[in-house]
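**Student:** Please find one structure pasted underneath; my questions will follow.
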Amino acid sequence: MERNHFLLIASVSGMLAVILGAFGAHGLEKLVDAKMLQRFHTGVEYQFYHSLALLLISILYYFIRNKYMAYASYAFLLGMILFSGSLYLYVLTDIKGFVLVTPFGGLSFIIGWGLLAFSAKNGMHSEKI
């Protein structure tokens with residue numbers, strides 16, 4: 001995926017995090033208890049952090065271009081879908097099975113940060129991705 005795709009994904013994900021955060025703060029608080037609201041907020045928070053990470057990668061991609069940088073982006077995107085997405089679905093549907101997916105999203109985030117560190121350690125390598 002090219003760097004402008006990372007920027008597009010980061011922008012859309014960040015926008016959705018703001019929208020979902022506003023929904024959680026102004027609409028959801030009347031529908032769910034405080035514990036569920038906190039879970040929703042955690043999903044928004046992690047989505048926002050990793051949207052910023054994708055934005056950073058889209059900028060760093062000009063300087064450090066290797067396959068691990070791209071893999072880190074994919075790991076962050078997968079983490080947002082699995083971690084934040086499962087929390088959103090659990091809070092909105094109250095189906096407990098969704099939280100079984102959440103740890104896999106967390107693992108994906110961890111892998112993404114590790115890949116980003118590995119990418120930085122290896123420096124600039126022009127590789128086909």
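Using N, Cα and C of the backbone, Cβ positions are placed for all residues, glycine too.
Nobody curates TrEMBL annotations by hand; they come from automatic prediction.
What TrEMBL lists as transmembrane segment is 7-26, 46-64, 71-91, 97-118.
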**Student:** Go through the chain and flag residues at least 6 beyond the ends of the transmembrane segment (46-64) whose CB is under 8 A from any CB in it; none is fine as an answer.
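**Tutor:** Same-chain contacts beyond the flanks: 3-4, 6-7, 9-11, 13-14, 16-18, 20-21, 72-73, 76-77, 79-80, 83-84, 109, 112-113, 116, 119-120, 123-124.
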**Student:** Same chain, outside the transmembrane segment (7-26) by at least 6, Cβ under 8 Å from its Cβ: which residues?
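**Tutor:** Counting only partners 6 or more residues beyond its ends, the transmembrane segment (7-26) has Cβ contacts under 8 Å with 37, 40-41, 43-44, 47-48, 50-52, 54-55, 57-58, 73, 77, 80, 88.
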